[in-house]
Amino acid sequence: MSKLYYDLDANWDMISSKKIAVIGYGSQGHAHALNLKESGIDVTVGLYKGSKSWHKAENDGVKVAAVADAVSGADIVMILIPDEKQGQVYRDHIAPNLKAGAALAFAHGFNIHFSQVVPPDNIDVFMVAPKGPGHLVRRMYTEGKGVPCLMAVHQNFTGNAQELALAYARGIGGTRAGVLATTFKEETETDLFGEQAVLCGGVTELIKAGFETLVEAGYQPESAYFECLHEMKLIVDLMYEGGIGMMRYSISDTAEFGDYMTGRRIIPDATRAEMKQILAEIQNGEFAKKWILENQANRPVFNAMRRSEAEHQIEKVGRDLRAMMPWLKK
Ligand code: NDP
Ligand code: MG
Ligand code: MG
């Protein structure tokens, strides 16, 4: 098994007197900034004038400054704005203000791996990527727990980049759960593959295909929704807690037999071959290029898909059903 790093492996002295600029105050940004601050670190959040997040950060008691000002005083600059904006903000506001010997940090490898950010030689570049949404990174920390993180070093100018990354992971609670060393390449490629083939693209299409099959066969959309979407969480929760085995232990033997008989017809060799092709397009940069150009063109495909997906029948049925589940109400 690969080595995992925990609290006691992290040298807190590496970071305890450092100034950290957290750029962005969204999902990850608010979690990193607040967790680091409560860990005793001097944190400044970097935003732009007129940003909606500015007041939010101030109300949370965090220091806020324009990106350039936050960066010029910082020993570590963690970039937590949307991936597609990082290149521009880096070139305009971060690079001109980064001091020699400072560290540039990321929570995802995309921009370094696909050369949208090209850092100078005289800084450290590392990644601390929580394997969970930002709001969980925050909530788990306040509960004395943590979200596991990946850590990687792209550039080790000071010779301390990995120790710095590990101490940073401790500051956000990551070493409470375990930190795994990886590379920018591995994190970027596995993250993109996972979200496309399995977690997001794979799961949503599987759910919709099941739902449509039942509805087209004349079954009530409500029962198709419960069966294909609602129950997905219950099944995944069991796997999360105890692996596939625990899920199969909990379901009926009839369901387990159906699982063995049918799973491979749903994911046949053709699907596995397509997965390999998708991975190849991630590895050779084709997907990255598509996404970068899509953003430069103002997202025509992304916006059209977002609109048409929002109109799918499963979304309408789901809205009505969830409205009757009081525990889901915000
Ligand atoms: P968000 O979309 O939540 O970030 C939005 C924040 O960035 C807001 O505070 C926004 O301000 C600010 N922002 C937008 N544009 C600028 C700008 N030009 N200058 C300064 N601030 C700006 O990002 P995420 O937290 O989702 O992602 C951040 C990074 O973390 C990415 O690299 C992502 O891949 C990675 N990551 C994200 C995860 C997640 O849970 N979402 C999980 C693991 C990694 P305003 O709203 O006021 O415009
Ligand atoms: Mg991702
Ligand atoms: Mg059933």
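Sequential numbering from 1, following the chain as shown.
Quick reminder: no glycine exception, Cβ is built from N, Cα and C everywhere.
For the NADP(+) site, TrEMBL records Tyr25, Gly26, Ser27, Gln28, Ser51, Ser53, and the single candidate of Gly132, Gly134, Gly144 listed with them is Gly134. On the backbone, the CA of Gly26 (NADP(+) binding site) and the CA of Glu231 (Mg(2+) 2 binding site) stand 30 Å apart. Not one of the binding-site residues listed as Asp191, Glu195, Glu227, Glu231 brings a Cβ under 6 Å of any atom of ligand 1. Ranking the recorded positions Tyr25, Ser51, His108, Glu195 by Cα distance from Glu231 (Mg(2+) 2 binding site) puts Glu195 first.
Counting residues per DSSP class in helix, strand and coil order gives 127 helix, 0 strand, 19 coil for the domain 'KARI C-terminal knotted' (183-328).
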